[in-house]
Amino acid sequence: MIGKTITHLRKKKLITQQQLADELNISRQTISNWETGKSLPDINMVLQISLFFDVSLDILIKGDEQLMKKIRDDAVINQLLGQSIFILIVCFFVSLFSILSLNPLLVHGSRMLMADIPLQIMFIISICFVAVLYFKSFYKESLNMTQKIIHRIIQIIIFISFFITVFSFLLTILTYSGVIVFATGV
């Protein structure tokens, strides 16, 4: 267990929990929680501990399945967060451009560019591509609650973006066909 290893290394170096905490820029209570097994350090802190005591990572985490699981989970969560930020940015801009492409309809009534419908179709295809990419490459069944929450947020973002782009497309089609006419105030 890493807590026992930290305790052993700290006592071998003849330093207190407070001195170690000061070196690592954390609280003494955090060191105490690690040493008693109440919590585990994250991977960045494990690296700092390894450097401070000048020991290999193997010595610190060898045989500590709980810490290894935490490190793996943290890595997956960090990867998911990066993917969700990418998906959020793509969905945001596609939805934004889909809404902004409605501006000529609102300003000029039913007159519109012939490129508006293909543009709206391109937006829908873009969101579908993001959804397929997410489900083929990124989505994995997970037992970790944090991972499930992140996946659910990504799915909601994709759904909302898809809804916005389809709504914009339908509004464009209905305006083009004359079913809906916007009052322009002209």
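Backbone N, Cα and C define each Cβ position, glycine as well.
Taken from TrEMBL as is:
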type	residues	note
DOMAIN	6-60	domain 'HTH cro/C1-type'
TRANSMEM	81-105	transmembrane segment
TRANSMEM	117-135	transmembrane segment
TRANSMEM	156-183	transmembrane segment
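Broken down with DSSP, the domain 'HTH cro/C1-type' (6-60) shows 39 helix, 0 strand, 16 coil. Sequence-distant contacts of the transmembrane segment (156-183) (same chain, at least 6 residues past either end, Cβ-Cβ under 8 Å): 84, 87-88, 91-92, 94-95, 98-99, 101-102, 105-106, 109-110, 112, 116-117, 120-121, 123-124, 126-128, 130-131, 134. Under 8 Å from some Cβ of the transmembrane segment (117-135) lie the Cβ atoms of residues 83, 87, 90-91, 94-95, 97-98, 101, 154-155, 158, 161-162, 165-166, 168-169, 172-173, 176, all in the same chain and six or more residues away from its ends. Taking the domain 'HTH cro/C1-type' (6-60) as a whole, pLDDT averages 89 in the prediction.
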